[in-house]
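K.L.:
What follows is a single structure, and I will ask about it in a moment.
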Amino acid sequence: MSADSEFDATDYIQHHLTNLRLDLTEGTIDSEATGFWTLHIDTLIMSFGLGALFCYVFWLAARQATPGVPGGLQNFVEAMIEFIDKTVKETFHAKSKVIAPLALTIFCWVFLSNLMDLVPIDMVPSIMMAVGVDYWKILPSVDLNFTFGLSLSVLALIIIYGVMGQGVGGWLKSWVTHPLGPWLAPANLILNIVEFIAKPVSLSLRLFGNLYAAELVFILISLLPWWIQWALGTPWAIFHILVVPLQAFIFMMLTVVYLAMAYEEH
C-alpha cells in the first residue's frame with residue numbers, strides 16, 4: 001500500500017470513529033473539541049432515539065395486547081419480560097418493583113445500541129454527509145461518554161440500594177468492617193474503595209472495548225476489495241450477532257448482581 005493510500009485509509013478510519021461534537025463554551029461544532037463542556041451530538045441523538053424506539057415498541061405491544069390468542073409482537077415482548085423477570089428473581093432475592101423493569105430497560109437499550117454495529121458501515125455517514133453533516137457515529141456503545149454514563153448511573157443505584165438495604169449506618173460501617181473484619185479497618189477501606197471504583201470502570205470499558213474492536217474490524221474489512229469484503233464481512237457479522245445480545249446481557253446481569261450485593265451485604 002502506498003503512502004497516499006495509507007493516509008487515505010487512516011483518514012477513513014478516523015472519520016468513522018469521530019463524533020459530531022458541540023463545544024458549549026464556543027457554541028460551535030468542532031470535531032476536535034474536548035473537555036467537560038463538549039457534547040457528542042450524534043451519541044445523544046442516537047441513544048435517546050433508540051431509547052424512544054424501545055419505549056414505543058413496548059407501548060405498542062401493551063396497546064395491542066389481547067386476552068385471547070396473542071400476536072407476534074405480544075409474544076415476543078411477553079417472552080422477553082418473563083425471561084428478564086426470572087433472571088432477576090434468581091439473582092436479586094429481596095422484593096423490589098424496580099429491579100426487573102430496570103434490568104429490562106438496560107438490556108433493551110444496550111442491545112439496540114450494540115445492534116447499530118450491524119448497519120452497513122458507510123450508509124448513515126454517507127447520508128449525513130449528503131445533508132452537510134461531516135461526522136456521525138451511529139453506534140453509541142463506541143463512545144466512552146455513553147458507556148461511562150450508564151455505569152455511573154449504576155454506581156448511583158448501588159449507593160442507593162446499599163443504603164436502602166443496610167441503612168446509612170450499616171452501609172458506612174461495611175466500608176471498614178468488610179471483608180477482613182473491624183481489626184483491619186484501614187485495609188478494608190482501601191479494598192472497598194478499589195472495588196467501588198472498579199465496578200463502573202469495568203462495566204463501561206468492557207462494553208466499550210468489545211464494541212470498539214468489532215466496529216474497527218468492520219471498518220478495516222470495508223477498506224478491502226469488495227469480493228474480499230463479502231468473504232470476511234459475512235462470517236464476522238454472523239459472529240457479531242452473538243456478541244450484540246451477549247454484551248447487553250452481561251451489562252444487565254452485572255448491574256443486577258452489584259445491586260443485590262449492595263442491598264443484601266452484611
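Placed from the backbone N, Cα and C atoms, the Cβ positions cover glycine too.
So Swiss-Prot lists the following for this protein:
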TRANSMEM  41-61  transmembrane segment
TRANSMEM  98-118  transmembrane segment
TRANSMEM  119-139  transmembrane segment
TRANSMEM  152-172  transmembrane segment
TRANSMEM  178-198  transmembrane segment
TRANSMEM  216-236  transmembrane segment
TRANSMEM  237-257  transmembrane segment
K.L.:
Out of 41-61, 152-172, 216-236, what stretch is closest in contact terms to the transmembrane segment (98-118), meaning most Cβ pairs under 8 angstroms?
P.N.:
41-61
K.L.:
Report, as numbers and ranges, which residues of the same chain sit near the transmembrane segment (216-236): CB under 8 Å and 6 or more residues beyond its ends.
P.N.:
9, 12-13, 16-17, 117, 121-122
